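According to TrEMBL:
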COMPBIAS  102-113  compositional bias 'Pro residues'
COMPBIAS  129-146  compositional bias 'Pro residues'
DOMAIN    151-229  domain 'SPOR'
REGION    98-149  region 'Disordered'
TRANSMEM  20-38  transmembrane segment
Amino acid sequence: MATRRKSSAKSKPGGMVSGIVIGLVIGLAAAVAVALYVTQAPMPFMDKASREIEQILLPDVQHAPDPNRGLYGSAPALEGPLFGGKEAQIAEQLGPLRAPTVPAPTTPQPTTPEPDSLGSLIAQLPNPNTAPAPTTAPPLAPPKPSAPQVAVAPTTYYLQAGAFRSAKDAEAMRARILLLGMDASVQSAPYNDGTINRVRVGPFSGVDDMNKARSVLGREKIETSVVRP
């Protein structure tokens, strides 16, 4: 009993492997058979579409029926002129129809353009881009000669150091002034039935010199007054 169990246990793995291999072979064969059937079997949808296209094809134009056959009528075609009576006489008088004559093209005559008043007005306007012609200024008049200046004579000033009735007093005042380095003189003139003696210092040609001499005489207590000759 022990040996049988061992042998059965050893045979189980081999049986599983062989079963798997057999199953794979059977499945592969079934797949190949299905593929061959699908590729070789006719497809009903494709056949139906091809048949419909063949039925849609138009027949030959030469054998097509005339759609205007019903308008012809059953009467035979008339021979001779289409109109009769007055219409035929009018047609004979008119003669065969002629194509209308096309008039020869005429060359247009050149037309003289009308004078453009606006253009002539614009042409008369001055061009802003052109510089204006320089205008010559009138010659200046020569300056008038100025009036000759009148030579002004220098003004002479004197200082009067007093007026005395006595000639001795006048000479004494003149001597004091001469000691100061100034020119002095005594001038005698009649006055109220008598004679008056005036002591004058100068002459001075300018006001500045006169004022300097007057200030010197003032420091010496000699009163003076400005007089003219």
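Note: Cβ is positioned from N, Cα and C throughout, glycine not excepted.
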Average the per-residue pLDDT over the domain 'SPOR' (151-229) and send me the rounded value.
83
Could you put numbers on the helix, strand and coil content of the domain 'SPOR' (151-229), residue by residue per DSSP?
26 helix, 28 strand, 25 coil
